[in-house]
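Following this message is one structure expressed as structure tokens.
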């Protein structure tokens, strides 16, 4: 009975079989303030809900009598191999969910052989994250700070630590209207010590703050970032063909179609609904990824059918972390990977290269 977990009462607990099982358990384990911070969307939470609901408007068109005895989920992003097109989005403050925080997340990502994007607002130092999972594929998410020197120092540090790409979040010139956090009087700047801009040798030093994100950051500033780094630059938060075309024009290497999990501007398009126009606009010149609302293997398949190269998970990773730490994150990734393998098999796709637009249709609900 090794796989049955025992509850505190000694009775066997039901195993976790899908991502929402982790959500329910995480809700019980976390404080209300932490839960509201992780789960909360901006405004009325319309986009947060729509991110999930929009996937349900897409139907699958399976093809049968194909030899699916061997199905390969592996793919390549920015030239690096990953075991499946399911990676980890940047989310801040993992120590809120589990004591080891980002170190647990990084170890789970390394074990799963997928990419983990570390947030500017990580609660562990970058050095500790790298030391605990030295072989993992890592990208770094940057909020461009007002202090240029600070940006430069951080980018140089990230490069020297072996991060393989720089993910610039573009949808936070200011923080969205997150009602839960305002009600709960959440102040992460004072409640959590941000270790990211201090090298391990410094006990004090410049501290990253939400308020120091540069709202004047614009397209022309990308050339400065490109001049100080060799890393591929990926823009996270693009939702329109106009911005996608500008991204190509400014020679970035990738786009993550994202609405910040519905945490920034409410009533924007669901990520999956914005994906099609972004993919059409880039004309295959750069890789396009997606985050927001991925909860099942079918969601992954639908995203790839609409042109995403890979999807990234936000909240589900924190649910796994809150439930079982590193093992929870590994389980979340494995469940999704297995569901995706099943979705591929049952639609007749033997490799990710075979996943295409013919597999889906939008239902007329």
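Cβ atoms are placed via backbone N, Cα and C, with glycine included.
So TrEMBL lists these for the protein:
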DOMAIN    11-365  domain 'FMN hydroxy acid dehydrogenase'
BINDING   37, 143, 178, 260, 263  glyoxylate binding site
BINDING   90-92, 119, 141, 169, 236, 258, 291-295, 314-315  FMN binding site
ACT_SITE  260  active site, proton acceptor
Which ones in the same chain are close to residue 236 (FMN binding site), with CB under 8 Å and 6+ residues apart in sequence?
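For residue 236 (FMN binding site), the qualifying residues are 90, 141, 167, 168, 169, 170, 171, 255, 256, 258, 291.
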Looking at the binding-site residues 293, 295, 315, whose Cα is closest in space to that of residue 178 (glyoxylate binding site)?
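Smallest Cα separation from residue 178 (glyoxylate binding site) among 293, 295, 315: 315.
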Under a criterion of Cβ-Cβ distance under 8 Å and sequence separation of at least 6, what residues of the same chain contact residue 263 (glyoxylate binding site)?
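In sequence order, 40, 41, 42, 48, 176, 178 meet the Cβ cut-off.
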Report, as a single number, how many Cβ atoms besides its own are within 10 Å of the Cβ of residue 295 (FMN binding site).
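A count of 19.
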Residue 37 (glyoxylate binding site) to residue 315 (FMN binding site): how many Å between their Cα atoms?
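If we compare the Cα positions of residue 37 (glyoxylate binding site) and residue 315 (FMN binding site), the gap is 11 Å.
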Do you know offhand how many angstrom separate residue 92 (FMN binding site) and residue 143 (glyoxylate binding site) by C-alpha?
12
Out of 293, 295, 315, the binding-site residues in the record, which is closest to residue 143 (glyoxylate binding site) when you go by Cα distance?
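If we rank 293, 295, 315 by Cα distance to residue 143 (glyoxylate binding site), first place goes to 315.
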Which value in Å gives the longest Cα to Cα span across the glyoxylate site residues 37, 143, 178, 260, 263 as recorded?
19
Average the pLDDT scores across the domain 'FMN hydroxy acid dehydrogenase' (11-365) and report the rounded value.
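When the pLDDT values over the domain 'FMN hydroxy acid dehydrogenase' (11-365) are averaged, the result is 93.
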Relative to the Cβ of residue 260 (glyoxylate binding site), which residues of the same chain, six or more apart in sequence, are found under 8 Å away?
169, 171, 172, 176, 237, 292
